Number of protein chains: 2
Amino acid sequence: MTTSSAPGKVYLFGEHAVVYGEPAVPCAIERRARVTVERREDERLRVRANDLTLDGFTVTWGGSGTDPRPDVDVPTPLVEAAMGYIDGAIEQALDAAGEDGIGFDITVESDIPLGAGLGSSAAVVVAGIDAAARELGVELDAGTIADRAYRVEYDVQDGQASRADTFCSAMGGAVRVQGDDCQRIEDVPTLPFVIGYDGNTGDTGKLVAGVRELKEAYGFAADTVESIGDIVRSGEIALDDGDVEEIGRLMNFNHGLLSALGVSARSLDTMVWAAREADALGAKLTGSGGGGCIVALDRTEQTHTALEYTPGCEDAFRAELDTEGVRRER
Amino acid sequence: MTTSSAPGKVYLFGEHAVVYGEPAVPCAIERRARVTVERREDERLRVRANDLTLDGFTVTWGGSGTDPRPDVDVPTPLVEAAMGYIDGAIEQALDAAGEDGIGFDITVESDIPLGAGLGSSAAVVVAGIDAAARELGVELDAGTIADRAYRVEYDVQDGQASRADTFCSAMGGAVRVQGDDCQRIEDVPTLPFVIGYDGNTGDTGKLVAGVRELKEAYGFAADTVESIGDIVRSGEIALDDGDVEEIGRLMNFNHGLLSALGVSARSLDTMVWAAREADALGAKLTGSGGGGCIVALDRTEQTHTALEYTPGCEDAFRAELDTEGVRRER
């Protein structure tokens with residue numbers, strides 16, 4: 001039996017603009033998915049996912065004559081997606097180990113809110129590949145896990161996946177993503193993130209399409225996308241300098257430009273203002289927007305409390321930048 | 001006895017960027033200041049200002065031995081400013097008529113919220129010059145009144161005045177302002193504005209300085225200011241085409257860029273979202289920001305109701321684009 005874990009992530013800077021070749025900086029956060037894998041005698045996969053949905057579900061598939069439908073009341077596409085990620089992770093581990101036809105009992109636990117844009121699926125895949133490969137006696141380096149996890153997300157998400165989530169989850173820390181090029185940013189300062197979650201999930205495809213329409217219709221929208229890239233470049237310098245006040249200012253500006261591009265939401269702006277009025281160094285939406293999460297850079301430890309009492313904030317938690325990526329758990 | 005009135009204004013596009021030579025489009029709104037002027041036998045000015053403050057005040061000055069302090073509980077700087085505007089307006093009218101040493105009884109009534117960034121002082125000055133000049137038997141054209149009113153605002157506001165407010169109030173309609181060049185935009189569509197007011201007054205000087213600092217520190221902030229100019233240029237085309245949906249989209253984008261520049265406020269964003277969720281075509285802050293007003297372009301007549309029930313919105317009202325500028329009232 002092997003357990004591995006991998007972190008979720010926030011976008012410190014650059015979401016949406018990254019679609020157009022600008023750099024972005026996702027950061028791993030101290031919220032993890034844990035995947036426990038144990039070899040079975042047969043070829044079946046049995047998955048227990050306690051926190052992957054609110055209710056949790058158990059499903060067994062593979063082998064002969066089994067139906068891959070869980071016997072619980074969770075939305076079928078969600079279950080299929082979750083099974084897709086886990087199935088894909090196991091396949092990658094088997095492939096890496098040169099094995100085939102081995103079954104596993106798999107338990108998934110996650111304290112990353114699902115569907116919140118915090119990279120929970122990437123974390124499950126990354127941790128799953130690591131745990132299953134180790135269970136097969138193979139130790140993969142983080143870069144290989146990131147690559148293989150990306151392939152899983154790419155398949156499950158019909159070619160719409162970004163390398164950012166899986167790379168960030170596998171490597172940990174702050175990461176620079178530009179196109180297919182992903183690199184870890186070294187020596188970043190402590191970043192005391194506070195995350196606020198409105199309980200909603202934005203429609204990423206629709207939001208990305210909306211930005212594309214604006215960008216194609218208006219020169220100033222294309223310029224705004226470029227300005228986000230400029231913010232990221234300034235942000236890299238601020239990270240290198242350890243200048244957290246500057247990082248906060250840049251987050252605020254980044255949020256405004258994302259709002260201009262139409263990807264904020266009432267709930268996100270409400271949480272952003274709550275964080276700023278609680279003296280956060282900066283706050284912005286993270287991910288595709290339209291709903292989901294904001295990330296604030298805390299100064300006084302008041303941000304968390306302020307968000308907890310903000311109407312429309314379903315969940316607020318502290319989660320520092322996590323410099324560790326995927327790892328084996330004892 | 002002569003009564004004249006002049007409208008307040010909102011910025012449809014371009015505030016803040018106009019400081020750096022970009023164009024802006026203020027629009028006169030169906031909310032007016034009315035100034036009634038009657039020649040006195042002596043050289044004194046007696047002013048009754050019923051709505052210029054919440055409580056109203058009466059003050060008499062000029063002539064010999066009078067103290068220009070009102071006998072009511074209103075903030076002195078406010079009274080001094082108000083008297084400055086009215087004194088200046090009368091001076092300009094006397095100058096235009098080639099007269100001197102004539103006193104007046106003046107009554108000011110205004111349904112433009114004071115200090116809300118809706119150009120109430122400009123409207124008072126414009127209406128005051130027109131009424132006093134007519135009382136002296138002189139009819140001034142709107143352009144002359146705009147010029148003279150600007151001189152008054154320039155003096156009272158220590159050289160910080162913009163030509164936009166006085167020009168827009170004198171001419172009415174939609175106006176294009178760029179540097180010192182002000183022009184009326186002809187044949188604009190009906191613009192059903194709804195205005196939400198949070199009861200606060202932003203510190204214009206501080207807000208303008210904040211934008212300047214950002215612009216000097218960051219290339220992307222300078223680009224954002226230019227992008228606002230581009231929005232204004234697109235907005236002029238949309239006005240010419242009578243495309244109100246496009247005007248709404250541009251207002252939304254403009255608001256986002258103003259937010260990025262740090263001049264929005266929690267209350268303003270709250271009102272902007274309330275308007276958008278009530279199906280407004282677009283919504284943005286108007287004026288220097290930090291507090292004050294938002295302007296929404298209504299589609300369904302629900303915007304006004306939505307704002308009325310929005311916490312933090314002290315006053316919400318409909319006010320269409322007013323194509324008439326300064327005018328004599330019967």
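Including glycine, each Cβ sits where the backbone N, Cα and C put it.
According to TrEMBL, the protein carries these features:
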type	residues	note
ACT_SITE	B:ASP165	active site, proton acceptor
BINDING	B:PRO113, B:LEU114, B:GLY115, B:ALA116, B:GLY117, B:LEU118, B:GLY119, B:SER120, B:SER121, B:ALA122, B:ALA123	ATP binding site
DOMAIN	B:4-38	domain 'Galactokinase N-terminal'
DOMAIN	B:85-173	domain 'GHMP kinase N-terminal'
DOMAIN	B:238-301	domain 'GHMP kinase C-terminal'
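Between the candidate binding-site residues, B:PRO113, B:GLY117, B:GLY119, the densest Cβ environment within 10 Å is the one around B:GLY119.
The average pLDDT the prediction assigns to the domain 'GHMP kinase N-terminal' (B:85-173) is 94. All protein chains included, B:GLY115 (ATP binding site) registers 17 other Cβ atoms within 10 Å of its own Cβ.
Distance from the CA of the residue listed as 'active site, proton acceptor' to the CA of B:SER121 (ATP binding site) is 9 Å.
In sequence order, B:LYS9, B:PRO26, B:GLY119, B:SER121, B:ALA122, B:GLU153 are the residues of the chain that are 6 or more apart from the residue listed as 'active site, proton acceptor' and have a CB within less than 8 Å of its CB. In this view, the densest Cβ surroundings among the binding-site residues B:SER121, B:ALA123 belong to B:ALA123, judged by other Cβ atoms lying within 10 Å.
Counted with DSSP, the domain 'GHMP kinase C-terminal' (B:238-301) comes out as 33 helix, 10 strand, 21 coil. In terms of DSSP secondary structure, the domain 'GHMP kinase N-terminal' (B:85-173) contains 53 helix, 7 strand, 29 coil. Residue counts for the domain 'Galactokinase N-terminal' (B:4-38) under DSSP, helix first, then strand, then coil, are 4 helix, 25 strand, 6 coil. Surrounding the centroid of the Cβ atoms of B:PRO113, B:LEU114, B:GLY115, B:ALA116, B:GLY117, B:LEU118, B:GLY119, B:SER120, B:SER121, B:ALA122, B:ALA123, where the record places ATP, the chain contributes additional residues within 8 Å, namely B:GLY8, B:ILE112.
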